[in-house]
Structure formats: structure tokens, C-alpha cells
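Peer 1: Okay, here's the structure, questions in a sec.
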Amino acid sequence: MFSWIKYKMQLQRSICGIASRRPGCVTFAPLECTYRPSKKKSITNRDVKLMSSAVPLLSIAAVDAIYQILQPPAEYFQTLSLPEPLVHWGHPGNMAVVLFAMGGYGAAYLGWQIRTSSDEAVVAKAKEAHPKIAAGMFIFFALGAVGGMMSLIMQGKPIFESNHVWTGLVGLGLLGVQSLLPLAFATGSGQARTAHAYLGAAIMALFVVHAALGLQLGLSI
């Protein structure tokens, strides 16, 4: 840049030297070279920065809201001086019963009886019990999730720093999808029933992994 300005000044002196032999001399002011950042680029960078920070801010707000909701009842249960083993293992024990009794028998076993059994009486009985037990499993799992978070708060432990909580939340979300699939059974194509059956099996497998992660978490705190 400086060599270019020097060249312009030399060119100016040469022109003035030539013009001095003629009436009037044309003078040239050195060009002023300043860097001005692109306004469009600065706006773009700012927008990207805001977009990149939006998700963490929303996540922090959601976590803070959950703590604000669960902290008061957790503090109340702490005043009851409950036995430490109950606080520590109450949630895992209850959820294990729900998983293997309501989930294993009511949801998985009865559900596959409806699909595979040739005994009309068995199928009719399973069709009556299966949706009721599956709905109860979803309700108890949802309540159990709240109880598990409260248990962690009562023990002074963070909620969202373990894989156990995330597999539980994913499992609850998939159970919600699973509960909507029977609405498509009336089409008669059979695809919705097949999806319902195999998604249910996948959800049960996920909750078995969830239970193993919960046992690992319980032994670590």
C-alpha cells in the first residue's frame, strides 16, 4: 500500500514538472486509503453469534424452570426425614416393577399375543387388557420421572448430567408416539399395527438399557 502511494506522489511531481512549462499546473492530492469494515459482514457475524447462543440459552431456561418447579416439593419431602435408602433406591425399585410387570407382561407379552396367537379367546382377553396396562405404564413412567428428578435434588445431585435421564425422556417421547399409532389401525392396511409392534419392542429394549444406566447411577452416588 505504501509503495503504491509513493508511486502516486512521484507521478504527481512528474506531471507538475511537465505542467510547469505550460500555463497553470494541475495538482493532485494523494489518495487517502482507509479500511472500512463491511457493514453486511458485521451484521452477518452478529446474527450467527446470536443464533449459536439461542439454543444454550433456551436449554438453560428450561433446566432452571424444571428446578424451580421441583425444588419446593423436594424441600418439603426433606423435612419428613425419610430414610436414606428410601430416598436413594425408592425410585429405581418402583420403576423396575413398572418396567417388568406392566411393561414386560402388559405391554410386550399381551401385545404380541394379539399379533401372533390363533386362540380367539386369548386374543380377545389381550385386546382388552393390553391398552389399559400400556396406558398405566406410560402414566407411572411419567410420574416416576418426576420422582427420580426430585430424588436427585434431595440428594444434592444434578439432574441432567447422566445418560439415565436422557434415555428416560427419549423413552417417554417414543411412548407418546406409540400411543398415537392405534388411531391408524382403522385403515386396515396392517402397516400401523406392524409399526406399533416393532416400535413397542424397541421401546422396551431402550427401557432395559435405561434401567441398567439407572442402576449404575444409583451405585455411583
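Cβ coordinates are placed from backbone N, Cα and C, and glycine is handled just like the others.
Please treat TrEMBL annotations as automatic predictions, because they have not gone through curation.
Okay, these came from TrEMBL:
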type: TRANSMEM; residues: 50-70; note: transmembrane segment
type: TRANSMEM; residues: 90-112; note: transmembrane segment
type: TRANSMEM; residues: 133-153; note: transmembrane segment
type: TRANSMEM; residues: 165-185; note: transmembrane segment
type: TRANSMEM; residues: 197-219; note: transmembrane segment
Peer 1: The transmembrane segment (133-153): which same-chain residues, six or more beyond its ends, come within Cβ distance under 8 Å?
Peer 2: 66-67, 70-71, 73-74, 77, 87-88, 90-91, 94-95, 98, 102-103, 105-107, 110-111, 159, 165, 168-169, 171-172, 175-176, 178-179, 214
Peer 1: Taking residues 6+ outside the transmembrane segment (90-112), which of them lie with a CB under 8 Å of any CB in it?
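Peer 2: Same-chain contacts beyond the flanks: 126, 129-130, 132-134, 136-137, 140-141, 144, 147-148, 151, 196-197, 200-201, 204, 207-208, 211, 214-215, 218.
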